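TrEMBL has this to say about the protein:
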type	residues	note
COMPBIAS	70-84	compositional bias 'Pro residues'
COMPBIAS	85-104	compositional bias 'Basic and acidic residues'
DOMAIN	13-57	domain 'Cardiolipin synthase N-terminal'
REGION	62-104	region 'Disordered'
TRANSMEM	35-55	transmembrane segment
Amino acid sequence: MLYVLLGLITVGIWLFCLFDVLTTDEGGTRLLPKFGWFLIVLLGFMIGSALWLLVGRPRVPTGPSGTPGGPSPTSPGPRPAPPRGPDDDPDFLRGLERRIRGDE
């Protein structure tokens, strides 16, 4: 059972790398053209997959804090405050207290 699981994981990683090579932009690969990386991953199986993940895959841009995918040039900036619920509104709470006491 363990060998079957390891085999499935191996094939899954290999398929992921093949799909990743195919969906990467032509100019995004490192060291070799896209077709070269495709052949290496296809024929090299796990060694080719490891090479793709370690050497050929494009790097993820990092933001100022070091987190992946920092602010994009199209980001609108800070998000607006979310809408407040009625229980956060002091006027609503005063009116509710009046209604409970029967002042209205």
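Keep in mind that glycine also has a Cβ here, set from the backbone N, Cα and C atoms.
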Determine how many residues of the domain 'Cardiolipin synthase N-terminal' (13-57) DSSP places in helix, in strand and in coil. 37 helix, 0 strand, 8 coil
Checked against DSSP, the composition of the compositional bias 'Basic and acidic residues' (85-104) is 15 helix, 0 strand, 5 coil
